[in-house]
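Here the structure is laid out as structure tokens; the discussion comes afterwards.
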């Protein structure tokens, strides 16, 4: 597949619009076109070892779950390892694509895969995603009526305000008089300017309505998962399930106050990777994530919630094998998809 055909297909699999606002997702490195992709290499982290593997296995595109370019690069030299990744990618005509939190959000993504290790359960996002394009623009809708005498002047001044969109006019009859109803969408910042403008005319101001535009929630899509088990199990059994699912000999566990390893687990709040901000404040018997700060673990334990930590990328990497199979179907088996053999969590238990 040509890269310019493949990237939209990858975006359709998990829209970059679902990623967190702070994230850096999508196509990060693009060789000069045309660029044909026969082999796609999947990795959780793009390290120099993985880059050399991509070169040796003749991959034309790397899908790196974590974005290797996050902080802006001021130069591309041989000095730092992330700069060297870009140099090697361009030298060998290898593109780099990163989905990161877009894959966290979708139902068929990383958190959905992590939840499969718990056993039979139902799950809902802890922080549901909102529809990215509805409403089309703005955070507020402003509606007011004005007479023909003031219409042109008001419209002219409104059009000078930045971040105003969807400006429409309709004939209206107010208290027996022919007037014009004006509707517009605007941002929070622009709202202050619109209200200031309308308040200069008491008649306009008293005929103004301001509506908050809320985007609808997307079902089963969002950050983290709250899982309710079909049948409660002991914490000991849950530990073994998680170790088996993640193929780990060891995990870290903090017992909640008043809990033992035989305490029943009915609800599990989980977040692949670093879960502190996503899990915080959620009521559950158990938190499952890769890493949390010391003080967030203490908070959870004090609230009677046990915590299982598996190291950051260990809660994500196993998803790649499932991703390989589902992407192959999504891309109609047009390209060869392989999983990195060099990708691994940097932390080990000695």
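Each residue, glycine too, has its Cβ placed from N, Cα and C.
Automatic, uncurated: that is what TrEMBL annotation is.
In sequence order, 273, 274, 290, 291, 345 make up the list of same-chain residues 6 or more apart from residue 312 (divalent metal cation binding site) whose Cβ falls under 8 Å from its Cβ. Here TrEMBL flags 66, 104, 312, 316 as divalent metal cation binding site.
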Entry from the binding-site residues list 104, 316 having the most other CB atoms no farther than 10 A: 104
